[in-house]
Each structure stands twice: as C-alpha cells, then as structure tokens.
C-alpha cells in the first residue's frame, strides 16, 4: 500500500484532512486480489467471533440454543468463504487453521478446536437445545423409558440410508460428506441423547473428514471403512430403540 506524505501549509486547517478519503487498497491491487483480501478478513473475523462464543458458552453466558444456532451459522459461513469462487487463491493463504492463526497472530484455541471438529459441542455431546415441546411430542429424552418420537426416528433412519447411499455413489469429498454426516448426528441426537455403541465412531469420522483439505478425497479403503462403521452404528442405534 502506498504511503501518503502529508504536508500542511501554515494557513491550512488540519480539520480538512479528516474529510479526505484514505484508500484501503493500493491502486495497483486488482479486483480479484481485493476480493481475496476481503475474504481473508472475513475468515479472520469469524475465528475471533467463534472464540468469543465458545468462551461465553463455557461461562454459561449464553444458553444451549443460542450457542448452537450461532456456532452452526459461523461454521457454515466459514465453509462458504473457503469454498468461494477464488478458493484457489484463498488456499494459498489458508493452508490450515493453525497456520492462518500463526500468520496473523491470532490466539483463539477454542475457535481452532471447534473449526477442526466442524460441529457445535452440543451436537458432539448430544446436549439438548430444546427448552420445551408440545405435549406428547418430546419422547426422545432418554432410552430408559423406551419411548421415542416416531418422526425423529424416521428422520435419523433416512439420514443413515442417505449417507450410505452417497458413499456407494462414490461421494468422497469433504464438501459432499461432512454436511450429510453432521445432519445424521443431529438427527440421532433428536431421538436420544444417550450414548450407544459406535456413536463415537461417527464423531471421529465427522472430525476426520472435516480436516481434509479442499481437493482431498477419501480413498476406496477409507470409504469401505466408513461404510462398515455406519452399518455398525445403524445396528447399535436400532438396538437402542428395542
């Protein structure tokens, strides 16, 4: 960026300088470069904001629903910026969240953890974000009473099938699989907040896929392994309903 030398005449009022526009970008910067810089600045702001939200939640300054909605929105915005039209240029400056924070001297350990895992902590640990429900509609709170909401069970079942079908159709990229797996986990949490065998494997896969770089894909071996773990989780989920 060009440096502007300011020279004042003795009779010149310094207040006039405050009316002069100070350019944010050097004239030599192209529109594409400007867009890349603006995108990186948005990513920077998301990291800082997310870290504050995580800390606020840990201090009980915001409730589960506020936290989940805010973090979910920030994570989606983060992914949109990384997958923008200029993603090739963005990736030159964003090798990883850790490298990005080191480059711009960002201290945000809570945000880094959340961005690496790719889902709100309430989804990861099956923390309920429902404060109330209509009578007869809130039957998914525990497996001990053996009562589950039929609608939520159907949604979770459908999401299991959707993910497995996607893998069989050779879906193997981060942007293809992560949203499907995240939605699957959320739908499972609506049915029950109790842990069950192989649930942790779903979370491991969500985190593992979220850490893939743009352009990286799962290998055939990894796809078979994911399918196998999904089938085990599906059986364990249904065993919980019996």
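If you go along the chain as it appears here, the first residue is 1 and each next one adds 1.
Glycine is no exception: its Cβ is also placed from the backbone N, Cα and C atoms.
Taken from Swiss-Prot, the feature domain 'VPS28 N-terminal' applies to 11-125, supported by sequence analysis.
Annotated domain 'VPS28 C-terminal' per Swiss-Prot: 148-242, in sequence order. Looking at the domain 'VPS28 C-terminal' (148-242) alone, the prediction's average pLDDT is 91.
The feature region 'Interaction with VSP36 and VPS20' is assigned by Swiss-Prot to 148-242, with experimental evidence given as support.
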For the domain 'VPS28 C-terminal' (148-242), the number of residues DSSP places in helix, strand and coil: 71 helix, 2 strand, 22 coil
